[in-house]
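According to TrEMBL, the feature Mg(2+) binding site maps to A:E60, A:L415, A:H467. TrEMBL lists A:C79, A:C82, A:C461 with the feature Ni(2+) binding site. The Fe cation binding site annotation in TrEMBL covers A:C82, A:C464.
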Amino acid sequence: MQQAQGFELETASAAAGSLRRVAIDPVSRVEGHGKVTLLLDDKDQVQQVRLHIVEFRGFEKFIQGRPYWEVPVMVQRLCGICPVSHHLAAAKALDHVVGAGRLTASAEKLRRLMHYGQILQSHALHFFHLSSPDLLFGFASEAGRRNIVGVAAAYPDVARQGVLLRKFGQEVIRLTAGKRVHGTGAIPGGVNRALRREDRQGLLAEVGQIVGWSRDAVQLVKRLHAADPALYDGFGTFRSNILSLVGADGALDFYDGQLRVRDADGGILVDGFDVQNYHQLIREEVKAWSYMKFPFLAALGPRQGWYKVGPLARVQNCDFIPTPLAEAERRQFIDHGQGKPVHAPLAYHWARMIELLHAAETIAELLHDDDLSGSELSTSGARAREGVGVIEAPRGTLIHHYQVDDEDLVTTCDLIVSTTHNNQPMNEAIRRVAQRYLNGRELTEGLLNHIEVAIRAFDPCLSCATHALGKMPLQLELQDAAGAVIGRLSSAS
Amino acid sequence: MTQPSILLDGLPVPFVDGQTIMDAAMAADIFIPHLCHHPEFKPQGSCKLCTVKANGRYVSACTLPARDGMEVENNSPDLNDKRRTLLQMLFVEGNHFCPSCEKSGNCMLQALAYELEMLSPHFDQFYPNRAVDASHPEVLLDFNRCILCELCVRASRDVDRKSVFSLSGRGIDKHLIVNAESGRLADTDFSWADKAAHVCPVGVILKKRSGFAVPIGKRRYDVEPIGMQVERLAARSADEES
């Protein structure tokens, strides 16, 4: 068994004062900021690379003292891209508090439909709007064209399909949650609305086309990989453990399941782990240079126990995908690894499009189910004081944990969001990219974008802001050893 | 003898002796924005949202008796500008965060903000930090949303005969309290069946464990804007739904 490696370039061996500091600041995240700092020696060799991110943590504090039924609606405001994930993770945690050990069939299927709509729209947004410009035009192509408008001009069908895929996912969310963004569909113990039959018919009329476009998206990513396998397999590649939820039967499952961890060679380290005990499996390390914690497997420790989450982890962690088209694509993906797990960050895009296809197929199946229009929407039982809700958000495993007192107020809240799990992986990826592409080179916007491409592959929450309409709010400053600014680069300039 | 009438925005509106401008308007299905007014309680004219111009003077429609021939200006840009400013001040004085408030969609303050096209709070937020009172088994009190309309005070005192609520402090420090030595609702004889439990126009007095049970689209002001609900407001028929 070979364990994860890493941590090269986390801390420079030479005294920092003798090195030149380059800061990419801010790297915007969804509702916050992060930055990348590089330390270069006098031969422009990279000595240290760090991705620092300001995280969501304020929510854990101000949710304290609030009534528990307010939580699913409040915490979804963590994010504007995948609020449904937070909404459902919180509701799942609070199902335990209201004693709803098993939801009604209607409630579970409506939540599942909402969530798969979320996966569909978020994956479409990330691939088509945010990442396809890099992949279709090249990482260092003309910055002015490297955006969705450029894609629309050069590949109008691709852009149109991306927009309409996302629109369909948003529509699924609107019909199950009341709004496209920040609705109220899930409540502790169930849901507050069923899907009207006429709304199901409306979605059914479109879903065949959605599945078709999702298949096209997988083919597009495969063509990109085939056109330059050295780049797609090698760019920023590092080995690590992988972690995700897996259904009880080993199926890929975004809504519910148990935790499974594989090592870098694909061997199973942990399986069937009850999410209610997540704190026994995962610890978080604090580093002085970042606002975001570094999760790791308690049994392996921080050096060996870090792991990837998200599409690349999920597609390789499950035993199968329970829809036929996506399962066929998963097999091709696994074959690409020739018996070894695929660790390439750019393969995240491939895995993500397989998941997009699976989400579309699952929605198509669910829409035929009359339980979606049922009337038994919520349930409750013996009150508990604590609950954990885990869900596979578009970006990876999302953990919500609450404790509630006898007066119904939240006393503690612990959230581990997907981007946090991928903290160390994103750092590893940009270190490898910096070593490979930046060493000894004069820094340009195109090279700066290589760092972003590596970060973006993970679809962290910051990808939206860093790539909005091609105007990445990134600034790069060159300072001499004395701290004087000797050069400045801005991607918006 | 013809019935006396006022001229409300140019329209003759009849009234009977003893009716206020608000009473006459409501009877004629004409909306005058208001928060502290409730047809079942004696008007107190504290929120000032119902300010109209009667014969050229700014007055509270809920307290001023109608007089034959009175010319009243109600739905005008000038008055709605002033009402919008009053709403903005009410919003910043409390923690009116509609996105996570379970009263959203059923809240008169929010509905009026939509009705009067309030697009921003404009003023600096006060961010009050008063602990919620969750001591009662059925009811939660979030004091940070109180707009001092005193409807719960009046209902508890005049209808329930319990005087559970009161206002305390002066000026900008005025705030809602619970009349118990401990200050906790659990130490009163308050009940969800009380009238006072059903008159709060905002999200202070809330039934526990039922927040967000009504889906978006089915909430009171999703169905119809407040300006179209004069009949329901006059009858207060929706109080029991809150």
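Just so you know, glycine gets a Cβ as well, placed from its N, Cα and C.
Distribution of TrEMBL features across the structure.
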| residue | record | Cβ within 10 Å |
| --- | --- | --- |
| A:E60 | Mg(2+) binding site | 16 |
| A:C79 | Ni(2+) binding site | 26 |
| A:C82 | Ni(2+) binding site | 30 |
| A:L415 | Mg(2+) binding site | 22 |
| A:C461 | Ni(2+) binding site | 27 |
*asked:* Can you tell me whether DSSP puts A:C82 (Ni(2+) binding site) in helix, strand or coil?
replied: coil
*asked:* Using the alpha carbons only, what distance in Å do you get between A:L415 (Mg(2+) binding site) and A:C82 (Ni(2+) binding site) once rounded?
replied: 15
_Between A:E60 (Mg(2+) binding site) and A:C82 (Ni(2+) binding site): CA-CA distance (Å)_ = 18
*Give the distance between the Cα atoms of A:C79 (Ni(2+) binding site) and A:E60 (Mg(2+) binding site), rounded to the nearest whole Å.*
14
*Tell me, by DSSP, whether A:C461 (Ni(2+) binding site) is helix, strand or coil?*
coil
